[in-house]
Structures are given as C-alpha cells and as structure tokens.
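Colleague: Under the heading active site, acyl-thioester intermediate, Swiss-Prot lists Cys127. Positions annotated as NAD(+) binding site by Swiss-Prot: Ser9, Gly10, Asn11, Ile12, Ser158, Ala159, Gly160, Pro161, Gly162, Thr163, Arg164, Ala165, Asn166, Asn286.
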Amino acid sequence: MQQVAIIGSGNIGTDLLIKIKRRSESLSVAAMVGIDPESDGLARARRLGVATTSDGVAGLLAMPEFEQAGIVLDATSANAHRANAAALAPYGRRLIDLTPAALGPFVVPAVNLDEHLSAPNVNMTTCGGQATVPIVAAISRVTPVAYAEIVATVASKSAGPGTRANIDEFTETTAHALESVGGARRGKAIIILNPAEPPLIMRDTVLCLVGDVDRDAVTESIHRMIADVAAYVPGYRLKQDVQFTPVDPAEMRILLPDDTVDVRWKVSVFLEVEGAAHYLPAYAGNLDIMTSAAVRVAERIAGAEVTA
C-alpha cells in the first residue's frame, strides 16, 4: 500500500481524500495538509483517522507521517505549488500537480500516462483538458487534426474563486494540451460558467477539422477512448452520436496554421461528465474528472514502483 500526502484541504483535496479512502486498493492517505485549521477538509481527515497539519508544506515536512508518503498530490494553487515543489525537491517525493503551475509534463491517463510514469512532477492539465484531450487524441490517431476547438460548460456553482481567477490560464493550458497531448496542429479552448439553477452537469463539445477521413474508423476510435476514460471516470459519456459535417476549405483557412493541407470535414463530439458525488455534488463533473484522473495517476505510479 503506497502512502500519499494531500496538500490542499479545499474541495479538490477533500474529494481526493474521500476517493482514496473509499475506493483505492493501492493507496492510503498518510497526511492531509492545509492552511486553515477550521477547514472542513482537515476536520473530515481527522474524523477518518488521517494525520493533519494547518501549517502548509512546512508542517508536512515536520510530520512523522511524511517519511512514509512517497507521493504528494498538490491541490492548492499555481503559486503555492511552485513553492511546495521547491520545498519538497530535496526529499525526492513524486508530485502530482492539480494546479495550473505545469512544472512537469501534462498527463491525461487514457492518452499518455505510460510515457511519464517516472517523471518527478506531473501536471493534470485542466478539467476541460482531462475531458476533451482524449477525444482529440482518439481522432488524431486515425487522421491528422488540423484544428481542435473545445467548449467546456460547467455549473457556475462548481467554479470557486480560484477557478474564476485562473480563467485565462485555463484556456491557455487547455489549448496547449490539445496540441501537445491531443495531437492537434492548433488548439483553442473556451470555458462557460453556466449560472442555471438547478446546476447542470458538465458538458463538453469537441470540434476537430480534418481532411478526407474514414468516418467509421474515427467513430470506433472515439468509442474506444470513451471506454478508456470511463474506466476511471464512470460518469464520462458520449451525449450524442459523433457527427461529420462537410466544410468549405477556403472558409476554414483562417483557423489553420499556414502549412496545413485543406480540411474537408468537421468532426463534432458532445460529451457529458457526471461526478461520482463522493464529496462534491454530482453536477461538479469538472472537479470529479480532475480528482479521478489524479488518483489513477497515483495508483499507476505506485504500481510501477512496486514492479520496478
């Protein structure tokens, strides 16, 4: 059983705690770290018998439980993660970063986890990236994707101050991941915070421009990828049939890199991500997919270390 520490006692950190305690067969939480001694996350951790500190990463380093924690999951903020990574660097811990800091490579478990199992610090990109990069990758393994555009629509209630403050970073990081992990020549990301009441489940739209293509092969690849993601995010599903729409290459040229061949088809994929409601509400699929992906990464890293 691999011991882990969680830094951040907010919604994300607390959901990580509950997920690992309830369903992980290979991970155990050694310590929960926060900066607010009155936070609900630290209180829940204490009730579950997990050691806690409200003194941040300095408090973690002083805890006897730190010696057993080989993996640290950081659910704080980009600036805090940079400081935490520097403080933890001398101790050789494996870091899983759920912030926009992106000090290490982007990891989307269904796409590229095997490539980064030995990386000292991996970044979970964004909720939109975790939901949509797999679809772009599924299409690009069949045919080149000249342009990928995603629209992530999340319940406004699920977006806290940190998410709102990092909207620009969200779009930039997600677009980068569409290219560097998904394989698109050019990526664009848009996020919508939907204020509807009652809150709606996360929806994601993926639009890809491609050349002449085998529709059956693309559709089959997308369905395989959705099954791969649903293995660790059970609420991840296709909302409608995959759609193929012919496009005018001349009209699309403005969206494409200069050296891209003409595109012929727009592939449209419509997704829904329902949360598991372990700690967060079911509509917060945007948060659940991040924590579920991070737990999968931690479990795979732990398994790789056991077999090494």
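Quick reminder: no glycine exception, Cβ is built from N, Cα and C everywhere.
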Colleague: Please report how many Å separate the Cα atom of Cys127 (active site, acyl-thioester intermediate) from that of Ser158 (NAD(+) binding site), as a whole number.
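Modeller: Pair distance, Cα basis, whole Å: 12 Å.
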Colleague: Between Gly160, Gly162, which of the binding-site residues has the fewest other CB atoms within 10 angstroms in the structure shown?
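Modeller: Checked Gly160, Gly162; of these binding-site residues, fewest Cβ neighbours within 10 Å: Gly160.
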Colleague: Which site among Ser9, Asn11, Asn166 has the most other CB atoms no more than 10 Å from its CB, taking these as binding-site residues?
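Modeller: Answer returned by the neighbour count: Ser9.
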Colleague: Report the same-chain neighbours of Arg164 (NAD(+) binding site): residues 6+ apart in sequence with Cβ closer than 8 Å to its Cβ, ordered by sequence.
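Modeller: Set apart from Arg164 (NAD(+) binding site) by at least 6 residues yet with Cβ under 8 Å, we have Leu193.
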Colleague: Over all pairs in Ser9, Gly10, Asn11, Ile12, Ser158, Ala159, Gly160, Pro161, Gly162, Thr163, Arg164, Ala165, Asn166, Asn286, the listed NAD(+) binding residues, work out the largest Cα-Cα distance in Å.
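Modeller: Pairwise Cα check on Ser9, Gly10, Asn11, Ile12, Ser158, Ala159, Gly160, Pro161, Gly162, Thr163, Arg164, Ala165, Asn166, Asn286 gives a maximum of 19 Å.
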Colleague: If you count other Cβ atoms within 10 Å of each one's Cβ, which of the recorded positions Cys127, Ser158 has the most?
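Modeller: Buried the deepest by this measure is Cys127.
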Colleague: Name the secondary structure element type, per DSSP in three states, that contains Gly160 (NAD(+) binding site).
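Modeller: The three-state answer is coil.
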Colleague: If you run the three-state DSSP split on Asn11 (NAD(+) binding site), which class comes out?
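Modeller: SS state of Asn11 (NAD(+) binding site) = helix.
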Colleague: DSSP secondary structure for the residue listed as 'active site, acyl-thioester intermediate', reduced to helix/strand/coil, please.
Modeller: helix
